[in-house]
Amino acid sequence: MLRFLTQRRGRDRLDMTDWIAFGFLGLGVFLMLGPVLWLVLSSFKTEAALQEYPPKLLPLAPQFVEVEGFETALQRFQVVSGEHAGRELAQVRRIGLNAQMIDPANAGERLNVHINDREPVRAVQVETENYTGLFTRFSFLRYFWNSTFITVVATVLTVLFNSMAAFALAKYRFTGRTTVFLLIIATLMIPPTVTLVPLFLVVSQMGLINSPWAVIWPAIATPTGVFLLRQYMLTIPDDLLDAARMDNASEWRVYWKIVLPLSAPALAVLIIFSVMWRWNEFLWPLIVLNRSEAFTLQLALNSFQGELQTAWSSLLAMTVLTLLPITLVFAFLQKFITQGIAQSGVK
Amino acid sequence: MAEVELCGIVKDYGAVRVVHGVDLTIEDGTFCVFVGPSGCGKSTLLRMIAGLEEISGGDLMIGGARVNDQRAAERGLAMVFQTYALYPHMSVRQNLAFGLENIRMHKAEIAARVTEAARMLQLEPYLDRRPRALSGGQRQRVAIGRAVVREPKVFLFDEPLSNLDAELRVSMRGEIAGLHRRIGNTMIYVTHDQVEAMTMADKIVVLRDGRIEQAGAPIELYNRPVNTFVAGFIGSPRMNFMPCTVTGRDETGITLQDAQGRVLQAAVDGRTVAVGEEVELGIRPEHLHPDPEGYPVTVENVEQLGGESYLYVRTETGVALTAHLTGQTTLTCGSNAHLAIRPDFAHVFRKDTTALPRLRLGELENGTQP
């Protein structure tokens with residue numbers, strides 16, 4: 001792995017192309033991974049650290065100290081310059097550009113320090129409460145289950161229906177085949193917002209509002225999926241299907257035992273797409289799911305963001321947890337995409 | 001085990017007719033080869049017999065029953081495809097068993113048949129491999145094995161050897177012929193390679209443009225081709241043709257004259273031609289032999305294979321001829337030579353390409369060249 005990552009064009013020293021390649025790749029990694037890394041680090045910050053400006057990358061929390069005679073804990077500061085340079089003081093209050101501070105060891109004496117002369121004392125503090133709170137204070141598992149159920153069921157049905165449609169369009173000759181296919185493709189040109197209202201009317205007439213099926217049913221027939229699978233199935237040789245028919249296989253068995261397994265790479269792509277679509281879907285669930293126990297994760301995330309106040313720590317923690325499953329699905333399935341394309345018993 | 005009978009089989013693709021009323025009987029246990037140039041309809045005909053193409057007209061009988069409307073699986077046939085069509089996601093064992101599982105056969109019976117077929121085709125070491133881990137010849141054997149385990153009435157082969165290299169093709173040819181001898185089923189084999197046809201067939205059916213040109217035993221087709229197409233198609237290298245005029249005829253044959261006025265004899269039945277009629281003389285390359293009294297030609301190319309030699313020559317009238325000589329030759333490019341043909345080796349075809357019946361077969365005299 002290391003050998004692979006450090007291979008270069010120049011033999012002993014870095015070639016010009018190496019500089020460009022590593023520079024470009026480094027920029028790409030920074031752009032792609034940077035925000036995610038920041039998100040993960042921030043999700044472990046305390047609410048106070050999140051409010052801090054300018055923001056820090058690491059989950060550093062300002063430190064406080066209990067001082068006799070004060071009801072609340074006082075923030076600790078290190079004085080870096082001026083009269084009291086080198087001392088660690090606690091801030092009582094801030095007045096304009098000056099801060100009134102005391103030495104915790106000597107609580108009687110009030111000291112005036114210019115705010116530019118002091119720096120807050122920080123320590124790394126991992127706030128796991130952000131995560132545990134999701135389970136105790138919010139019904140995270142409920143949302144997680146809703147999202148998972150919708151994603152899994154919709155993906156299974158999407159793959160099943162799309163592959164059957166694609167099989168018929170790719171491998172059967174019938175009048176109007178091209179027309180049907182073009183009609184399916186043509187629906188890609190209709191923006192989803194146009195069908196939003198009619199779709200809502202249908203779904204509400206069927207009494208599906210606030211049921212996960214309201215999200216699942218409208219989503220399973222995807223033109224992209226049919227197109228993707230059909231194009232892939234066209235590459236499966238007809239001879240294989242004929243051979244299976246000679247082998248007494250019914251049309252269903254031809255589909256189930258021959259065409260479906262051989263379409264695995266295309267199915268993997270569709271599964272990844274479908275999981276991403278359903279997991280990340282926001283607008284449609286927002287419309288049809290309006291009771292909080294029916295919420296998906298995306299809707300729950302949205303509900304953290306109030307009009308006046310946003311629970312950033314919970315929001316970030318839940319965002320991280322929301323990202324995890326889809327990352328795992330992708331990591332697991334991506335090898336299937338490339339694998340098996342070369343798989344062919346036909347010379 | 002069954003006889004296959006085709007009565008006026010027709011295939012139309014829209015308004016285009018690709019198979020024009022084929023009548024043919026393939027007796028039980030026959031190894032029948034359909035041969036013809038590409039696009040002659042031989043594969044279409046095979047696929048119609050298999051049930052993979054709809055039959056537009058005529059009757060197809062297998063074992064005496066009309067099967068036009070039966071699905072491919074119900075006809076009790078097995079087919080070996082040109083591309084092998086092995087299921088790439090299944091192991092060899094699963095490939096062999098798939099057809100039997102589909103008819104819900106008992107597991108033990110399936111295992112027994114697969115084992116038997118694997119033993120017969122020497123596939124035992126590969127049973128758990130995927131097709132992509134096999135060589136071309138092994139894949140071919142798996143494809144045959146998949147047909148064998150089903151114990152079909154008739155085996156169909158669609159150009160099964162065309163993806164193999166020359167050496168493997170020869171050995172697989174022997175294996176398929178051996179398989180036929182062992183199990184004795186009716187087999188229908190499609191190929192465009194006339195050598196395969198000649199070596200394996202009990203019966204050859206030569207097709208052109210969706211019609212049968214001639215059907216019969218290989219040697220029969222070689223000795224008595226009914227027209228120039230069959231004459232040119234069967235035999236390698238191709239038969240030589242030379243335009244001639246009939247100048248005389250009697251009960252031993254006819255006399256011909258070429259454009260240069262040279263006189264040739266042919267032992268064919270001349271009753272249906274008139275003196276002065278234009279005909280086509282056909283001479284197989286292996287029946288031309290050097291003779292000082294023979295036809296003067298210029299050698300254009302020589303191929304020496306050691307045991308045999310090919311001469312590519314041109315006559316004074318510009319007709320290109322190929323001669324196949326046994327042994328080696330001292331002739332070189334550009335030299336002059338004289339080639340002769342015995343009358344009982346000559347084929348004569350009318351202007352409408354049909355052959356005149358031969359009176360004597362020179363090939364039958366110990367099968368040797370003069």
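Here the Cβ of each residue, glycine as well, is placed from N, Cα and C on the backbone.
As the structure is a computational prediction, the values presented were derived from the model and not from experiment.
According to TrEMBL, the protein carries these features:
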- A:144-333: domain 'ABC transmembrane type-1' (DOMAIN)
- A:20-41: transmembrane segment (TRANSMEM)
- A:143-168: transmembrane segment (TRANSMEM)
- A:180-203: transmembrane segment (TRANSMEM)
- A:215-233: transmembrane segment (TRANSMEM)
- A:254-277: transmembrane segment (TRANSMEM)
- A:311-333: transmembrane segment (TRANSMEM)
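For the transmembrane segment (A:254-277), the partner stretch with the highest count of Cβ pairs under 8 angstroms, out of A:20-41, A:180-203, A:215-233, A:311-333, is A:215-233. Highlighted: of the candidate stretches A:20-41, A:180-203, A:215-233, A:20-41 has the greatest count of Cβ pairs under 8 Å to the transmembrane segment (A:311-333). Long-range neighbours of the transmembrane segment (A:215-233) within the same chain, counting only residues 6 or more positions beyond its ends whose Cβ lies under 8 Å from a Cβ of the stretch, are 150, 153-154, 157-159, 161-163, 165-167, 169-171, 181, 184-185, 187-188, 199, 203, 208, 259, 263, 265-267, 269-270, 273-274, 277-278, 281, 284-285, 288-289, 296.
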